[in-house]
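**Q** From TrEMBL, for reference:
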type	residues	note
COMPBIAS	18-34	compositional bias 'Low complexity'
COMPBIAS	422-432	compositional bias 'Basic and acidic residues'
DOMAIN	490-567	domain 'UBX'
REGION	1-38	region 'Disordered'
REGION	412-432	region 'Disordered'
REGION	476-496	region 'Disordered'
Amino acid sequence: MSFSEYGGDTLHGPAYGPTSHSTAASSTPSSSSAFRHVVPSRQIVERQPRMLDFRVEYRDRNVDVVLEDSSTVGDIKHILENELQIPATKMLLKGWKTGDVDDSTVLKTLHLPKNNSLYVLTPDLPPPSSSHSGALQESLNQNFMLIVTHREVQREYNLNFSGSSTIQEMTLAVSGLTFPCHRLTVGRRSSPVQTREQSEEQCTDVHMVSDSDGDDFEDATEFGVDDGEMFGVASSALRKSPMMPENAENEGDALLQFTAEFSSRYGDCHPVYFIGSLEAAFQEAFYGKARDRKLLAIYLHHDESVLTNVFCSQMLCAESIVSYLSQNFITWAWDMTKEANRARFLTMCTRHFGSVVAQTIRTQKTDQFPLFLIIMGKRSSNEVLNVIQGNTTVDELMMRLMAAMEIFSAQQQEDIKDEDEREARENVKREQDEAYRISLEADRAKREAQEREMAEQFRLEQIRKEQEEEREAIRLSLEQSLPPEPKEESTESVSKLRIRTPSGEFFERRFLASSKLQVVFDFVASKGYPWEEYKLLGTFPRRDVTQLDPNKSLLEVKLYPQETLFLEAKE
């Protein structure tokens with residue numbers, strides 16, 4: 001993995017850099033001073049009032065004001081009201097190094113240096129003459145080239161800005177910078193001998209020297225100073241709270257603060273940062289269906305890098321970059337400014353990407369940040385496709401993102417093809433398994449039906465056998481209970497009955513004419529034709545004998561001396 005070196009790359013668009021204080025027109029004499037940020041002394045001692053010098057700029061005029069530090073901001077406005085003939089209520093006095101300043105603010109509470117530069121805005125007053133407005137509008141449309149030389153690292157940065165870019169709410173068009181090219185030199189220096197109000201501790205600031213009229217540009221946010229305002233963004237606001245709490249226990253909470261602070265510094269048009277742990281970001285980006293997977297972009301922020309504000313405001317917040325990241329990437333962020341957070345990320349990096357990538361990031365210098373890591377999830381590991389350093393342009397950043405997307409898209413198509421083939425195989429297997437299951441279920445149901453049928457047949461057979469046994473027992477009992485058949489030569493009256501069965505067979509028997517009809521019924525039942533199931537019919541006349549009184553004799557029912565009867569099953 002290689003990291004590109006810094007060079008004379010041209011960064012297009014506004015950048016956050018050194019605060020400049022210069023005159024509105026090159027012909028107007030200018031003055032400058034170096035502002036050194038100090039810490040109030042731990043021991044408060046009595047002192048004499050301190051005199052402060054202010055150079056106040058309004059359009060094409062400069063007004064010098066000298067006051068004691070016990071005066072208020074309102075006192076400055078009253079002096080300016082007499083000099084500029086502008087009502088104090090219509091003035092907005094800008095250029096303060098601190099946040100909240102109103103007319104009642106005492107100057108000594110602001111811990112100001114001896115020499116200060118301020119400017120006046122009058123939004124409620126009409127603009128200057130049309131000729132001046134036309135020239136101003138032309139200047140606003142021009143592009144300025146700022147060539148910034150960093151002494152310590154012996155590097156040069158070429159920064160392109162439109163004339164409408166702002167320095168502490170003052171546009172470059174009216175700042176007095178040389179058009180079309182203006183050279184600046186920046187370098188760190190230790191503070192001079194401290195006053196009573198300064199801390200015993202040493203502090204450093206950045207001194208930026210302009211090549212026009214000896215102007216000094218001081219307190220550059222780009223180069224690690226905590227005060228001042230460059231190109232419309234107050235660095236005092238940037239430094240009020242860190243991007244991420246140190247030693248945060250929960251990564252999701254840390255990312256919530258990061259997103260809120262990022263929006264506060266650079267506006268709401270920025271990438272949507274994933275809120276959650278790095279592992280959760282992996283899960284979101286890499287472990288869904290192949291068609292839904294995305295690349296993972298890890299943004300590593302560093303507040304002390306000279307490139308951070310430029311990268312964030314002009315590259316990372318560009319609408320084209322934000323839109324492309326939103327469509328194709330899961331974006332996760334981390335702040336490397338604090339050593340504890342840096343160590344924590346390097347541990348995560350070693351765990352997820354290996355020691356080589358972690359060591360590469362570990363060796364990056366502060367001025368090489370921010371870093372933008374492009375990660376692609378693979379079957380066996382996570383691959384770092386690209387590491388983009390902060391010294392880039394919007395076009396180059398977009399090209400490298402698109403190059404990563406080309407690699408990812410090729411891999412994604414292979415993954416989609418493999419996933420589709422795997423799903424097709426799994427579908428075939430599921431269909432086969434389902435068909436086999438249905439077959440087994442049908443076989444089981446058929447077997448159970450057969451078993452039920454056999455059990456029913458067995459039951460019915462048992463019932464039939466029991467019924468047959470019962471009927472046989474009844475038949476034998478009836479057969480044994482029948483009176484003996486009278487002989488043919490008997491002296492008693494004998495009735496001879498011939499009975500035809502449903503099958504066409506006949507059987508005959510002699511009965512005493514005095515025998516009851518029930519004896520005939522018992523005889524027929526003993527032959528297997530119980531009178532509950534069969535009826536006995538006479539021929540001439542045709543009648544149902546089983547309907548007659550069984551207690552009457554054969555003689556009484558006229559079955560004497562002989563008769564032929566038919567057996568017929570009852571319905």
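We number each residue from 1, going along the chain as drawn.
Just so it is clear, glycine is given a Cβ too, placed from its N, Cα and C backbone atoms.
These figures come from a predicted structure and were not determined experimentally.
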**Q** Residues sitting near the region 'Disordered' (476-496): Cβ under 8 Å, six or more positions beyond its termini, same chain?
**A** 508-515, 519, 522-523, 525-526, 554-555, 559-563
**Q** Take the domain 'UBX' (490-567) and count its residues per DSSP category (helix H/G/I, strand E/B, coil), listing them in that order.
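**A** The breakdown for the domain 'UBX' (490-567) reads 13 helix, 29 strand, 36 coil.
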**Q** Over the span of the domain 'UBX' (490-567), how high is the average pLDDT in this prediction?
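**A** Computed over the domain 'UBX' (490-567), the mean pLDDT is 91 on the 0 to 100 scale.
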